[in-house]
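In what follows, a single structure is set out as structure tokens and then discussed.
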Amino acid sequence: MHDANIRVAIAGAGGRMGRQLIQAALALEGVQLGAALEREGSSLLGSDAGELAGAGKTGVTVQSSLDAIKDDFDVFIDFTRPEGTLNHLAFCRQHGKGMVIGTTGFDEAGKQAIRDAAADIAIVFAANFSVGVNVMLKLLEKAAKVMGDYTDIEIIEAHHRHKVDAPSGTALAMGEAIAHALDKDLKDCAVYSREGHTGERVPGTIGFATVRAGDIVGEHTAMFADIGERLEITHKASSRMTFANGAVRSALWLSGKESGLFDMRDVLDLNNL
């Protein structure tokens, strides 16, 4: 990677998240907007990326071809869909480009493809790039070690009506953090739905509840409930800019790293707390 500004490419430049990623890239010192990508046939192709994001003219035009932009970026930032992200991943691996991946909804094969690619390129892959969410994940680990063995644990998440995967990647990351702290595998203790006559709650399980409504940016709560008291740890996002800023900060953090799989807790050095 270059010693000067880190040049980033933004996937899905015309989407809600893409536009805020462009704004964040233009605002952070040490980062340069190098390229912006949209799907073939999009009416936004040829547009100025900065103007598209409401940030003024940048001279970076929206393209549809990875080959056309391959010399214009060092790190590719992707918050799109799993199938598209995996195509971008293969390209970045072939050409030695770093990646910041905020896409959620990967199946196990997709996650394995990311792990495999990290042998050759540096990747930050996180369910949520908010600083607050990642601090919350650390707090959940601590709470689970103290209270997790004797409380009922439930995770409740809410997002806007357009979100296509459930539970959210962040909710799953919360469950994984709690399960790991309890020396469990989430797939063995997660309960993703309850309907009809379910019987009493099974001890040691982690329940999930999902809300999809309106324009909710993202709300997540983990509940540790006992008889007589309960602890709730909650994060509420009011703007997607918190995710965009974290993603661009992660791209800058990748400078000088040739390979490896990292998450936002590495970027924030939370693993040493």
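Any Cβ shown, glycine's included, is placed from N, Cα and C.
Sequence annotations record features per position, and here Swiss-Prot assigns NAD(+) binding site to G12, A13, G14, G15, R16, M17, E38, G102, T103, T104, A126, A127, N128, F129 based on sequence analysis. Reduced to three states, the DSSP call for E38 (NAD(+) binding site) is coil.
Feature annotation from Swiss-Prot assigns NADP(+) binding site to R39.
Taken from Swiss-Prot, the feature active site, proton donor/acceptor covers H159, and the record attributes it to sequence analysis. Cβ contacts within 10 Å of H159 (active site, proton donor/acceptor), excluding its own Cβ and spanning all protein chains shown: 25.
Per Swiss-Prot, (S)-2,3,4,5-tetrahydrodipicolinate binding site is recorded for H160, G169, T170, and the stated evidence type is sequence analysis. A simple way to gauge crowding: the CB of H160 ((S)-2,3,4,5-tetrahydrodipicolinate binding site) has 13 other CB atoms within 10 angstroms, across all the protein chains here.
For the recorded site, K163 (active site, proton donor), the DSSP three-state label reads coil. Within 10 Å of the Cβ of K163 (active site, proton donor) there are 16 other Cβ atoms, across all protein chains. Positions annotated as active site, proton donor by Swiss-Prot: K163.
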Same chain, 6+ residues apart, C-beta under 8 Å of the C-beta of N128 (NAD(+) binding site), given in sequence order:
G102, N134, G169, T170, A173, G218, F243, M264
Is N128 (NAD(+) binding site) helix, strand or coil when read with DSSP?
coil
Write out the long-range same-chain contacts of A126 (NAD(+) binding site), meaning residues 6 or more apart in sequence whose Cβ is under 8 Å from its Cβ.
I101, G102, N134, A173, S250, D263, M264
Which chain-mates of G14 (NAD(+) binding site) that are at least 6 residues away have a CB under 8 A from its CB, listed by sequence?
E38, S42, L44, S47, L52, V62
Largest pairwise Cα distance, Å, within the listed NAD(+) binders G12, A13, G14, G15, R16, M17, E38, G102, T103, T104, A126, A127, N128, F129?
22
